[in-house]
Amino acid sequence: MTAPVLSTPAFSLFPQWLPVAAAQPAMSAPWWQWVASTDSLTARLMAAGEPGTFRVRLLRQTIGLPQRDEALALGIAPRRYAWLREVALCVDETPWVVARSVAPLHQLQGKGLGKLGERSLGSWLFQQPDLVRGPLEATVTPPRFTHQQPGLSANSLWGRRSVFEHGGLSLLVQEYFLSTMADALGLPSR
Ligand SMILES: C=C(O[C@@H]1C=C(C(=O)O)C=C[C@H]1O)C(=O)O
């Protein structure tokens, strides 16, 4: 199926992020299963690969300024410092997904996220009984945070984002599915 919205030249006039339902006409059914799922992506990737081959590779964890669209998604001022975490979710040492998570610094106290290291943020999040996930949005624009690793950003097929709420913390999670994952699982190009 062709992409009625995403492939038109006018798409550049649309917001970068679309509600996932608005992107569905441009998305194959196999990709919809991944992009629109609301359960733990970590758990899904663990189940999709050979047992014991899933790993979170920490690319960067730091304190810095969020991108403008990230601040808007979190409802914070753009010049407000945030906790930034960038990872590659790997199966058998191959990155399948790259993710960037952003949380307002002042909400992080006592959460212990600084010590997460290469343990999955998703595994921690989905253990929280009061966890609420906001609406999913999708994009075809490649991630900016992997620009210095061209192999990663150039291979992004779909991106998605949503805000998790837990115990006074708002955490924006953005995940980009790479063509390496499509190749390994026999998924279509989009
Ligand atoms: C939100 C989840 O967490 C995943 C794990 C991440 C991490 O360790 O930084 C980041 C984003 C997600 O891809 C999930 O598993 O659904």
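Using the three backbone atoms N, Cα and C, a Cβ is placed for every residue, glycine included.
According to TrEMBL, the feature substrate binding site maps to Arg85, Leu121, Glu175. In the three-state DSSP reading, Leu121 (substrate binding site) counts as helix. Less than 8 angstroms from the CB of Leu121 (substrate binding site) sit Val56, Arg85, Val87, Ser101, Leu113, Leu171, Val173, each of them six or more residues away in the same chain.
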Please classify the secondary structure at Glu175 (substrate binding site) using three-state DSSP.
strand
Let's check the environment of Arg85 (substrate binding site): how many other CB atoms sit within 10 Å of its CB?
22
Local backbone state of Arg85 (substrate binding site), from DSSP in three classes:
strand
Which chain-mates of Glu175 (substrate binding site) that are at least 6 residues away have a CB under 8 A from its CB, listed by sequence?
Leu41, Leu89, Val97, Val98, Ala99, Gly159, Arg160, Arg161
Please give the maximum pairwise Cα distance, in Å and rounded to a whole number, for the substrate-binding set Arg85, Leu121, Glu175.
12
